[in-house]
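Taking it in order: structure first as structure tokens, then the write-up.
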Amino acid sequence: MSEHPLPASVAATLEQGLASMGLDAALAPPLLRYLALLHRWNGTYNLTAIRDPQEMVTRHLLDSLAMQPFVADGSLADLGTGPGLPGIPLAIACPGLQVTLVESNGKKARFMREAVRQLGLGNARVAESRAEALDEAGHYDQLTARAMDTLAGIVRVGGHLLRPGGVLLAMKGVYPHEEIAELPAGWQVREVTPLSVPGLAGERHLVTVTGP
């Protein structure tokens, strides 16, 4: 956004991060447009507690994109997506993915609709709804959740959206031993994958869960 330019160092950090993750450098311009829009709106609407654009690159964009190698083409519902994380970065990086951004907060949903419009993301749509109220049972190949509840809680509110054979991809910090043990009957962990996010010191794990 020309009226709210990001420092050159922000673009450099993103480009270096994409390179270290083996992702296409062509993703940088649309990701920076999204970041500039998020930074601008955040000043008024408090969409995220992270204010520094440099930190947003690491903790929002690169963290979201760390799961990209595990996402398949098809349909995906991003539950409790907030301002569109990881859903919008994944929609940018995966043109064969149809992303539904599920968020009940009105101001965050309005921001995402504007971001989708400005970015021309034909493979993303916003569902302003709580996950448990979304009447699209069995509609999705994949569910994602990055900062939403325990594994059992995610399954409880969003499990109905997953088609038979579909998977939940949940981003977690440290290895979630207790959460895995508390999954409802029929839900099984297929894999827990440690993730490396450039510039992020803390542990990150992607938990892949299959339904009954």
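These residue numbers are counts, starting from 1, taken along the chain as shown.
Every residue gets a Cβ built from N, Cα and C, even glycine.
Annotated S-adenosyl-L-methionine binding site per Swiss-Prot: GLY80, LEU85, ALA131, GLU132, ARG146, in sequence order, evidence recorded as sequence analysis. In the three-state DSSP classification, ARG146 (S-adenosyl-L-methionine binding site) falls within coil.
Its Cβ placed at the centre, ARG146 (S-adenosyl-L-methionine binding site) has 21 other Cβ atoms within 10 Å.
Neighbour list (ALA131 (S-adenosyl-L-methionine binding site), Cβ cut-off 8 Å, at least 6 residues apart, same chain): ALA77, LEU79, GLY80, VAL102, VAL157, GLY158, LEU161. Considering other CB atoms within 10 Å as the measure, the emptiest surroundings among the binding-site residues GLY80, LEU85, GLU132 are those of GLU132. Residues GLY80, LEU85, ALA131, GLU132, ARG146 are recorded as binding S-adenosyl-L-methionine; their most distant pair of Cα atoms lies 19 Å apart.
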